[in-house]
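Novice: The structure under discussion is supplied below as structure tokens; questions concerning it will follow.
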Amino acid sequence: MTEFESAPAYQEAKYLTSAAEFDQLPPDQGAEIAFIGRSNAGKSSALNIITGIKGLARTSKTPGRTQMINFFALNEHERLVDLPGYGYAKVPRMVQKRWEELVDSYLKNRRCLKGLVVVMDIRHPLKEMDEDVIEWAVNYDIPIHILLTKSDKLSQNAAKKTLGEVQTAISAYGEKLTLQLFSSHDRTGLDEVKAVLSQWFRSEP
């Protein structure tokens, strides 16, 4: 068995580097899975729970604060990537445009990118910018997995109802998009998302 055939040790994640510009990205080799979502949708909390490392990805009380791409190494060849959050109304238009250019360049040109996890608060799914990000990734032929986070905030029936509604809304994209319920609070869906990530890491280039 080679190093690429075994499941990644997510608990071994370590901060690698941050990039504010496309030319600051680490070498485009190995395999990466990126996480993206609206500010305060629970993206950083999801990364912390998946790796089991509290504080790995910084959570912020100020939406839109993080405007850099953060890389976390699982091993020499595999990385998790925390893309900057979006959708905060108080961010100046110039900052928003810079975010769009940086993220679009990353999604379009990053050859080692295996998949994109789109994080959405289950109480506010599929906002306009969520749909824009999905369109970008679909156009660049990037597999997408949606995490409907904070599922513990809804009753079980309400969460399942929202899951079904989002599934219907994205059905036109076909098998390129998958989704699940997730909660960093009670760990709902943790094994499921880890299985998706591991499958992506094991996929052929």
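Note that the numbers count up from 1, one per residue, in the order the chain is shown.
Just so you know, glycine gets a Cβ as well, placed from its N, Cα and C.
The following feature annotations were taken from Swiss-Prot:
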- 37-44, 64-68, 82-85, 149-152, 182-184: GTP binding site (BINDING)
- Ser44, Thr66: Mg(2+) binding site (BINDING)
- 29-203: domain 'EngB-type G' (DOMAIN)
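Any idea what these are sitting next to in the structure?
Specialist: In the three-state DSSP assignment, the secondary structure recorded for Ser44 (Mg(2+) binding site) is helix.
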Novice: I'm trying to understand the geometry here, so how far is the Cα atom of Pro84 (GTP binding site) from the Cα atom of Ser44 (Mg(2+) binding site), in Å to the nearest whole number?
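Specialist: So the alpha carbons of Pro84 (GTP binding site) and Ser44 (Mg(2+) binding site) sit roughly 10 Å from each other.
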Novice: For Met68 (GTP binding site) and Ser44 (Mg(2+) binding site), determine the Cα separation and express it in whole Å.
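Specialist: About 13 Å separate the Cα atoms of these two residues.
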Novice: Mean pLDDT for the domain 'EngB-type G' (29-203), as a whole number?
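Specialist: The predicted confidence over the domain 'EngB-type G' (29-203), as a mean pLDDT, is 92.
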Novice: Going by C-alpha distance, which of the binding-site residues Gly37, Lys150, Phe182 is nearest to Ser44 (Mg(2+) binding site)?
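Specialist: Result: the closest of the binding-site residues to Ser44 (Mg(2+) binding site) is Gly37.
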